[in-house]
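Student: One structure, pasted below without further comment.
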Amino acid sequence: MASMLLAQRLACSFQHSYRLLVPGSRHISQAAAKVDVEFDYDGPLMKTEVPGPRSQELMKQLNIIQNAEAVHFFCNYEESRGNYLVDVDGNRMLDLYSQISSVPIGYSHPALLKLIQQPQNASMFVNRPALGILPPENFVEKLRQSLLSVAPKGMSQLITMACGSCSNENALKTIFMWYRSKERGQRGFSQEELETCMINQAPGCPDYSILSFMGAFHGRTMGCLATTHSKAIHKIDIPSFDWPIAPFPRLKYPLEEFVKENQQEEARCLEEVEDLIVKYRKKKKTVAGIIVEPIQSEGGDNHASDDFFRKLRDIARKHGCAFLVDEVQTGGGCTGKFWAHEHWGLDDPADVMTFSKKMMTGGFFHKEEFRPNAPYRIFNTWLGDPSKNLLLAEVINIIKREDLLNNAAHAGKALLTGLLDLQARYPQFISRVRGRGTFCSFDTPDDSIRNKLILIARNKGVVLGGCGDKSIRFRPTLVFRDHHAHLFLNIFSDILADFK
């Protein structure tokens with residue numbers, strides 16, 4: 001079986017390389033030296049349009065129970081492997097979106113399947129404890145093997161959560177408690193504070209604020225939603241807070257041609273940040289913290305320079321604001337470093353950092369001074385899931401053993417180079433190509449063309465994602481290799497050549 005599979009892959013690789021050399025070929029990508037992911041498929045295999053008939057039937061059934069309009073198609077996860085997602089109609093697609101950037105090392109990784117089959121791990125998957133009061137014996141050990149082994153600089157404290165929204169929500173609460181504790185000093189809670197907090201009034205509920213950026217996405221819970229400014233549909237009809245919103249830089253591309261303009265744009269945004277901090281202090285809505293993504297993701301894959309973030313960090317420190325870096329989507333290795341903020345080169349990059357998605361669990365790291373001063377202040381029933389810490393420990397081992405951070409940088413370079421070639425060939429469809437590692441994207445002329453390209457690509461066997469008003473984003477797994485990039489680029493080149 002193994003030898004037959006290897007032969008099939010070699011044949012596929014030969015055919016793939018051969019067609020790139022055919023005179024007059026409109027494919028732009030060069031064949032890469034193929035480094036196989038052992039549990040991967042050879043390529044896409046399409047049997048129906050997507051969604052196919054089985055998916056459509058299941059969508060109808062689900063729509064009876066809930067609004068299912070967001071569902072793209074139903075999946076067969078038993079058959080999905082590596083970089084390939086298989087749907088219930090038997091269509092096999094190269095997945096460059098990976099469950100909204102949340103699959104770290106591919107579908108059905110053999111090491112993870114082996115892990116869950118080991119008898120000593122069974123109880124961890126069957127029994128989900130309330131970690132805040134009844135953690136299992138090996139909880140600390142597993143945290144050390146998983147999350148604490150990749151802790152950011154200067155952050156020794158860790159609280160686990162279940163998802164990105166609850167990670168950010170509780171991180172915001174932690175910041176507010178830290179700030180009020182600074183103001184309160186050594187004294188305990190006053191009777192007035194204890195009474196007024198119960199009726200949502202000051203001084204028990206101080207009127208602090210969090211500064212966020214236009215285009216940001218930090219989650220859908222109430223506090224997070226007040227800092228989210230990417231799509232109106234996320235926020236409409238929901239009461240919110242009067243918190244400051246700063247502009248995020250809108251860089252011009254190619255970067256090397258617009259150095260001065262981009263520096264001026266970043267300076268403008270930083271000046272506005274400082275102005276808002278002062279303005280809200282005068283309004284008696286003191287800015288307790290600043291929250292920012294290293295790359296704005298849902299809002300359109302908006303980048304800023306490393307220098308912008310270094311200066312933003314300085315502003316937070318100058319004004320006594322906590323600095324919260326949201327690594328929910330950028331964390332876990334996709335930019336070529338485990339945490340995207342590592343690219344900034346700071347010894348003190350943040351006070352608090354949130355994570356989820358590729359980390360398989362949620363939570364946040366923070367400095368010692370942000371540690372809650374009493375139990376139950378940051379708390380919920382589960383506080384994450386220890387089975388996810390078990391899986392994450394193995395994921396981190398694989399990332400290190402297979403050098404997947406360097407792979408993300410290398411494969412990302414292949415992808416970005418190919419996208420730039422496509423941009424040169426089809427400037428009427430592709431602009432503002434940008435990326436860090438495999439965390440790449442480009443703009444289309446409008447959302448109609450963007451959505452049409454995503455649908456065509458899906459029916460050709462490639463899953464892509466949209467973001468912002470008109471961008472297409474790439475969020476492949478960490479086992480995405482150069483040859484996957486070239487495979488996609490050839491498929492997408494065909495699509496653009498025929499696009500009308």
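Cβ coordinates come from backbone N, Cα and C, glycine included.
Reproduced below are the annotations present in Swiss-Prot:
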TRANSIT   1-28  transit peptide
BINDING   C163, C166  [2Fe-2S] cluster binding site
BINDING   G164, S165, T381  pyridoxal 5'-phosphate binding site
BINDING   R220  substrate binding site
MOD_RES   K231  N6-succinyllysine
MOD_RES   K252  N6-acetyllysine
MOD_RES   K252  N6-succinyllysine
MOD_RES   K279  N6-acetyllysine
MOD_RES   K318  N6-acetyllysine
MOD_RES   K357  N6-(pyridoxal phosphate)lysine
MOD_RES   K413  N6-succinyllysine
MOD_RES   K413  N6-acetyllysine
MOD_RES   K452  N6-acetyllysine
MOD_RES   K470  N6-acetyllysine
Student: Mind giving me a neighbour count for K231 (N6-succinyllysine)? Other Cβ atoms within 10 Å of its Cβ, every protein chain shown.
Tutor: 15
Student: Enumerate same-chain residues with a sequence separation of six or more from the residue listed as 'substrate binding site' and a Cβ-Cβ distance below 8 A; give 'none' if the list is empty.
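Tutor: Counting only residues 6 or more apart in sequence, the Cβ neighbours of the residue listed as 'substrate binding site' under 8 Å are S165, T228, H234.
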Student: Indicate whether K470 (N6-acetyllysine) is helix, strand or coil by DSSP.
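Tutor: Coil, per DSSP.
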Student: Using a 10 Å radius around each Cβ and counting other Cβ atoms from all shown chains, which of the modified residues K279, K413 yields the largest count?
Tutor: K413
Student: Given a 10 Å Cβ-Cβ cut-off, pick out the one of the binding-site residues S165, T381 that has the most other Cβ atoms nearby.
Tutor: S165
Student: Fewest other CB within 10 angstroms, which one of the recorded positions G164, K318, K452, K470?
Tutor: K318
Student: What is the Cβ neighbour count of C163 ([2Fe-2S] cluster binding site) at a 10 Å cut-off, with all protein chains included?
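Tutor: A count of 19.
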Student: For K470 (N6-acetyllysine), identify the closest of the binding-site residues C163, G164, C166, T381, judging by Cα separation.
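Tutor: Out of the listed candidates, the nearest Cα belongs to G164.
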Student: For K252 (N6-acetyllysine), which of the binding-site residues C163, G164, C166, T381 has the nearest Cα in space?
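Tutor: Out of the listed candidates, the nearest Cα belongs to G164.
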